[in-house]
Amino acid sequence: MKSLKTIRYVTESHYLIIGLAFIVGLLFSEGILWASVYTKLILATIFFLSSIKIDLKEVKDYLNDKLLIAFLSVASLFILPIVVYYITNLLYPSLAVAFLILSAVPVGMTAPLLSEIIGGKYGLTLVLTVVTSLLAPVTLPFILNFLAGASVSIDALGMFILLAKVIYAPFILAQILKRFWQKKIDKISVSFKPLSVLLLGALIAIIVAKQSHVIIEGFDLLYISLLFLFFLVLHFVGYFIVFWKSKSEKIAVAICFTYMNFTLAIELVNEFFSEPEIIVPVVLSIVPWTIIFIPFKHISQKL
């Protein structure tokens, strides 16, 4: 009985799981890299476990609120990157392109789970994740070319296929299972969130392991400090940009604005840029992305 309580405490302690995952990925990267082929499967499973608990009506309501979704999508993919670029270029020019890339990529695939953990509206986060990911193959090249003069190409079909694998398919499967086995699902649903957190920890460990050499060798205290400040500002902007909405909706938007698809950002800089002042900060964004969620969860409970 005591061991079961210990297991439950560990799985419900998001701080412990996330922090441990980062350390393990950083220090034991060689023993983890083999699991990198399973990242899409892990993402799909996380989406499935979250989707099986969601109210489909909530998702439909947000999809029907076209003005809100359009406003947040434009703010996230256009307005925010432009403002970030010009302010950073004014204050610290060498980081302008790196911060531009981080602010211009779509919402991260794990954002719906992070929103669920912290008390945000899952449906709103899910809709923004899908919409920004679908628009990114068009908006990203335009923004980077317009502001940074960089010619990049993003595989729109590849991104759609990725979305189909990790979002659409798990979501549809979850709704089908709910339709026929709702009572059985209700009996075991208490285990879904702890399992999702464990999978999130595994995902973080794998991603950190893949970039561990850059994190260790390129570690720069100034870069890290500025990245933490950048992430703090993103939380603030995301939360208050929908000041008229409920607390849970403001948290959801803050998650969407802050916890970007840094995997895509890393792939972009590795493919199209060679400057260390662009590559290193983008890779180091893993550090605040992982760590700053912990205090944000604590602070959001007091807002």
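Heads up, the Cβ atoms here are built off N, Cα and C, so glycines get one too.
The transmembrane segment annotation in TrEMBL covers 12-29, 68-88, 94-115, 122-144, 156-177, 222-244, 251-272, 278-296.
Note: the stretches the transmembrane segment (68-88) and the transmembrane segment (278-296) are not in contact (fewer than 3 CB pairs below 8 A, sequence gap of 6 or more).
Under 8 Å from some Cβ of the transmembrane segment (222-244) lie the Cβ atoms of residues 68, 72, 75, 80, 84, 92, 95, 99, 102-103, 250-251, 253-258, 280-281, 284-285, 287-289, 292, 296, 303, all in the same chain and six or more residues away from its ends.
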